[in-house]
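Take a look at the structure below.
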């Protein structure tokens, strides 16, 4: 048994050792011992075992005995927690720990251990450890420093020891915990008493023992300087507990060293959770402190919060509550602002935040929170008026405890959860369950007070849904129907219809305007009234489902409006009919005409008045003031009154701008419509109406005796369709022009090349200082009135600019975009030295000296001519001047005595000759190269470290320089003077002259020497520096932005605080070593791919880590640090969380640098104006770090991080690594606690963690939730649970595929000032930020997507924000006003499915709640986009589906109703209208072709053309051309082209556009058209919108044919083949005067669409036409097609499973009916074709069609005979085979006989295929739609086989061209060039990547 135990221990030790080695490469900071790093999560979550073991490891070398005591205590704790070792990994851990303890005992060489003395040993060691590390001294110094309120100089020595200090405190914490555990058994009179006293003292003294987030409020911290800031001290003092407050019970415990405060009273009274209290205490302190710091109040010795600060915070936090009370006309909790003191205000703010912080999912119901706050504030008011504090009655539970969560939040949550459960995972109709909006809108009515307080459980609000009975919606029902488009935007449709009606009337009247024309034009009156009536009918119809629960007033309004619209439409129509009758009668008095004019005039006047009062900004205030009930009644009838959406007006200037914008569009649109669409159709229409037909090609039902109505419909329908959608084309054109002009005015694209950066660099420092340096950072140590003011100013600007520029260059080097040499050349000197001129970076000056010398050698003119030639290149002049002054200064510092006299004399003579203009006479310029060579030799020695030999060589070099200068460079007169100079001659003769020199010691001289040496030796031009394209782009944009308008920067201490917030689920955090090297099917690894795509960055990376260019992967694996660096290098080039974190943490780095250089004073508010602080050491400055932490926080909401840790997922380790490397990073996650043996989930917690000193997670807050927080969409729920941990007044939402740059982070202060800028009537609530899409650099598809996205996020949003004022939030890096949004429902909406595009609803919500959304382009954030066609299609499908859901939403309805007309137009065409117009583009093709096919089948096209040559195709040319241009994406590309012109220049723009066309971008855009149409239409018809994971990897892999077929079969292929079928029918049976040419012109766009939809997935598929891949694809596709499905078989593996999945979207009866109606169109083909067969001989009787069905049934039966496969009886198989043989022979014979003896021709056989294939597809569609019925009839298996045959046929049609093209090798090469042109143009080895790594290795 002992042997087994020993072996087991050895195994455990080996495992732990392996675990230690595995973790060794995880970070530089993390060095846990093997056993400390292996604590199971089940033990570590509730104890500090890991910290204790880590401390044991730390002190092992100092005192092994104490280390043994700690290990034994850790074992005891583990045993107590899990005595049976049930937890995962607990048994192994205990065994390993016991093994470690035995090892420690064994090392004592048999000495006996007295465990009774353990506590004494521990106490002694504890005392020694504290003395050794001077802990008490540091604490006393810290206390003095705090009390003084200023940073002590002695604190500087601890800056670099911060990490060590944290380790000491962590060890002390572990020792204290073990002492506390052991002291229970110790002698209370001896050591035990001392320990207890120490414990009491420590718990009160040291904040490091209590985890904190930003401010250590529980106790002062030794390592955090944030508590010294006066505003923080003032804020803490403001919430203190005063004697005026109710007295707390004596037994109420105050945690930590702090004194009691307001939050303790609120905790006691309402039972808020302790961690919620701690979280919101810090939140309120930071809010008050930051508001105080911005007030600019002078610092006092005893800082206090200003009254204005309290009022500002109070009014902002409670603004929504105040509006809510005003809306419901109820009294506020306070009488007036002046009536309540500052303490009451802070109490109310704190109460609101505590309610919000614990509300969980109820945070999505902002008015519900207002209701809760209103009632609890009343309770608080009563309690504050009493002498003693008592628990609030509303929060007392049944067992007598006090809990806000259990009593208030849980009942509401449980009701919401019960309703959410009814949505059936998003499949149920929206009308069947209440979403978050329904619950919230309950509180928009005074009826909400029926809920009472405490809340009544029997209230309707808290009703839980029964099985079949719905609870009823609030005020809006999201029925799934296209009718919402008309209902929400009825004004748009009415306007378009009425304008079309008017233009058509004028066109038919041939443009003559007379009384008759006017009377007919007045028909728009009845049309308007009828459309209003239709809208009121829709209101009543679409409110079904809310009648029982909606407000009575809202229902009343609907019915009043219904009756009013109905009566008015009947009355106006009746009067108008009478007018027409009068018009037909002669000598009529026109009585009815006058009545009609009067009625219409009055009605129009009333509508105009209401429109003015409710929509026009200038009149809106008058409307609000009108309180007369009569007026209010009509206003209420005209427009529903909601809590949101009131006051949606803009100032008059903005209003006029967007009105003018739309008037220009209308003029263009209606001019085009009239002259090119409507007028050309007038005459053909009249002719068709007048023609009478007797002979039809088929059996006609409807065309006789109705003036050929269907023919007219076929003619006009495409024109009407284009009329509806072409307004978007005009919008696109005008917005591109306006956006381009605005961009040019904003100075975008002024610096668009690295050459421009070089030319304008001189102006950068001044621009930088003007915009990005705060007043406290500007130091001007000179007299502005001095003669050298300009040069001194430039030098001052350069000195302030240099630390920032150099930090930017350093960050580029850290990111491996530039090399060490490039970094040296790009860096700018500090310019703080005594040199009189500005020193510019060497990349501007390199080789300039050598060029200047060449000019001097060629000089044959005067000094002035030489200098003018040099000054033509200003940087050459700078280089010459700097070189001259530097040489003087360096020589002056090197020599003394006679040598210095010589230097002074030489330079004096040269200066005099310069002044006299005689330099070319004084010096022999031909000798300059010799002089420079001597001086270069000298500097080459001096830049090295001093040695005796080098000193001797340098002295000799100086003497040689003296000889050359004196005897060769100077003129003969001057030479003689110097030679005869006695002092110099004597020194020379005695050998003292330059015998020794003073080696440079001064840092400034050293820097000048190094720089001068480079200036003289760098010969190659630096015109192409930096070489890296990304580095160039970043520098170009940054330098360009310096000249753009932006607010001035505030000092860091006064800037607006902000938080960055990133939701994360399970995406890639950091690529693992195995993932880097894992090869795909072509042998390509990620690492290999990146090495080839970014070769320069790979070389820079190797240089940075000190490796040579030939270093291989295996060499890097040898070093754990290099392996880690490699993982980060790869991850920083993908779309990973690591990249996002690095980018966002640049904000902190920028703030630390800015704060460090500002040197904020304490005590006296005077900033030093006499020196330029260095940026050196800013990252370890305690003051700078504390200031940055006060202003910036970064929270990542890693929803399942807790689960990932439990299962030891690599993502958890990688997130922990990010926490270790970024001390300011915080991670929030949902922790799930299981209770009971059955594992039933009982408790959910929202936790916030940071990394402790050992790299382990340290829990800061843990707030219990009422239940599972994921009731709605995942991302917004993930954001909502963690938003309570955010801080500041602004919050930037960042997705985990984004990036940021240091130079952009420096502009964040400026951006945040926009919140205080003038951007309209209302201050901004969301600041839009420009994006750069960083994924467009390699493939053509990525480039297309990048350009499309870039044009939208720049030019598109520029116009949306101004002048249109309808920009929303699109999931981009926008900056939210945090307080505004968290008090109004959050930064996204979360209801299931309806809010699938959760981001844009934040914009809707902000706008409806009187927010203001702006857009700013002087700052940018990086963003990754999808790069493969499948990824792009999934992404566009997700967005299109989301827009489909938006159509149904109440937000879109309210915005469509409440915006003024012109702003509504802008809103429509930039949200759902874009997708409607996209869908109309495709529908136009169908409408046109079905119309043409109808004319062809019926024979009307030939008959009309024969009888009237007037009806050619010319009438449709304009319409079809417009449709074609839209279809191929030309108009989509217009904003893109304008963006190119603006930011690249005209030539580059033209070149880029031509390149895109050659790379088939039109094919891509046409394909995208189909994607958007399919998903948008399907979502509105059937639902099914869902989040589609696109994957964010590196996509340069071949996609298999079957995978593409599965993805695009129903969205593109089926539709493309239908269009192709229509075109073929049109070719076969249509008639055209112009013959083939005319046909081609009419149908070329449609053929282009067919080809794009069928073959784009294969054109854009890497290696799509490679023969071997094609063969493999065919095998894979056939095996997938023929594989039988089954239980658990996925659609990726079996056609049958995929086919079943494709039908899942048809769920409802309404959906089935719609599908049935749509499927009927396929029967038209058979009906038309059978009458065109030669066999029928022109017979048009219905029997012919009936006989075709007989034939079809026969074909089906024959198919069944051939496909029948008996499984049960083997004896039946022979008979079956015989029957199949006989049938086949009979079939052939019958065909031959029919062809021979009847009129059936071979062409008829092909025509029959055209007839029967669509009919078969229609039958399939109907069978799938009515699946249950077909199954009941037993026909489902047959239908499935038919469907398989159809998919096989479609696959063959697509596959055959691919096979044919794959035969030619050059096609594959051409395709590679097409796909990867960007890479080829950069000279990259794409062919190597495509061919595969293995192939290259073999070669």
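Glycine residues also receive a Cβ, built from the backbone N, Cα and C atoms like all the rest.
TrEMBL does not curate its annotations; it predicts them automatically.
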Annotated transmembrane segment segment (source TrEMBL; candidates 1420-1445, 1446-1471, 1472-1497): 1472-1497
Matching range for TrEMBL feature annotation, transmembrane segment, among 1670-1691, 1846-1867: 1846-1867
Stretch carrying transmembrane segment according to TrEMBL (options 617-639, 686-708, 709-731, 732-754): 709-731
Stretch-averaged pLDDT - the domain '1,3-beta-glucan synthase component FKS1-like' (343-456): 93
CB contact flag for the transmembrane segment (658-676) and the transmembrane segment (492-508), at least three pairs under 8 A: yes
Per Cβ pairs under 8 Å, the stretch of 492-508, 591-614, 1547-1569, 1713-1730, 1742-1762 packing most closely against the transmembrane segment (1805-1826): 1713-1730
Intrachain residues whose Cβ lies under 8 Å of the transmembrane segment (1846-1867), provided they are six or more past its termini: 1601, 1605, 1609, 1613-1614, 1617, 1654-1655, 1658, 1664-1667, 1669-1670, 1674, 1677, 1681, 1695, 1699, 1816-1817, 1820
Best-contacting stretch, by C-beta pairs under 8 Å, relative to the transmembrane segment (492-508) and drawn from 520-546, 1637-1660, 1713-1730: 520-546
Long-range neighbours of the transmembrane segment (1547-1569), counting only residues six or more past its ends (CB under 8 A): 1340-1341, 1343-1344, 1347, 1429, 1432-1433, 1436, 1478, 1481-1482, 1527-1530, 1532-1533, 1536-1537, 1540-1541, 1612, 1648-1649, 1651-1653, 1656-1657, 1659-1660, 1874-1875, 1877
Helix, strand and coil totals (DSSP H, G, I; E, B; other) for the domain '1,3-beta-glucan synthase component FKS1-like' (343-456): 82 helix, 3 strand, 29 coil
